[in-house]
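Undergrad: Below are the features I grabbed from Swiss-Prot:
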BINDING   Trp18, Ser78, Leu79, Phe139, Leu140, Ala141, Leu142, Asp143, His231  substrate binding site
ACT_SITE  Ser78  active site, nucleophile
ACT_SITE  Asp203  active site
ACT_SITE  His231  active site
Amino acid sequence: MHIDVIGHGPALVLLHGWALHGGVFAPLVERLAPHYQLHLVDLPGHGFSHDDTTPLALPHVVAAIAAATPAAVWVGWSLGGLFALHAAATQPQVRALAMIAATPRFVRGSDWPDAVEREVFVQFGQDLARDYRGTLDRFLALDTLGSAHARSELRSLRETLTARGEPAASALQDGLGLLERTDLRRALATLARPSLWIAGQRDRLVPAAGMHAAAARAPHAQALTIDGGGHAPFLGHADQVAEALHRFVAALP
């Protein structure tokens, strides 16, 4: 699995969202690399890990990343948050957890109202088989929908998407399956690590209320909402997200 290592200082592991790669975090790298050693992962089937054979399943990916990185704070965005949360619940070397626009369950249920309908991910999977590039572009648009900086964020995501080659279609389907079926809520009550939950006020994929609900279930958790932020708040609101991460990490024991 490809992992870029940039900067010096306490280690952070950064995990990207569906269809993208570690390069998407460039605005955070610019702000955090002077203070931290950043481990930027390309998940299997994505970016420079296009041909990596690690199954895109939580235990396999987390074990591989943990074996290749030092003790660190794990930061997960969107789909990457599922891997980060699983790591925080199972890997002793995870110092703390930061979730950006991510929750333990992405689909709505009778006891989990602040999420999207399961059919959203099912439809993307069906569309992907018929129109690969068009479906990816529609998903990127959903990432930025509602953001105060939607236009510039969408341009950035489009430029980033294929900068390291196109993601593997099989990995995209596996990722949609994780978003559709994963439910890690039971891990929250016993989460021993401190956690930070950063929501976008205007996020249409992961409502801020859902992130605050998740944080309320975890001990040692804090949550904040980025005003005007969409599903990728670290793009248009990079200063606020970087500052929140910096304050969180600086306060760790």
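Positions of Cβ are set from backbone N, Cα and C atoms, glycine also.
For each feature listed, report its degree of burial, its nearest neighbours and the pertinent distances within the displayed model.
TA: When secondary structure is read from DSSP and collapsed to three states, His231 (substrate binding site) falls in the coil class.
Every protein chain shown contributes to the tally, and the Cβ of Ser78 (active site, nucleophile) ends up with 27 other Cβ atoms within 10 Å.
Within the same chain, residues at least 6 positions away in sequence whose Cβ sits under 8 Å from that of Asp203 (active site) are Ala101, Gly146, Gly229, Gly230, His231, Pro233.
The number of other CB atoms found within 10 A of the CB of His231 (substrate binding site), across every protein chain shown, is 28.
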Undergrad: Can you tell me how far the Cα of Ser78 (active site, nucleophile) sits from the Cα of Trp18 (substrate binding site), in Å?
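TA: Given the Cα positions, Ser78 (active site, nucleophile) is 7 Å from Trp18 (substrate binding site).
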Undergrad: According to DSSP, does Asp203 (active site) fall in a helix, a strand, or coil?
TA: coil
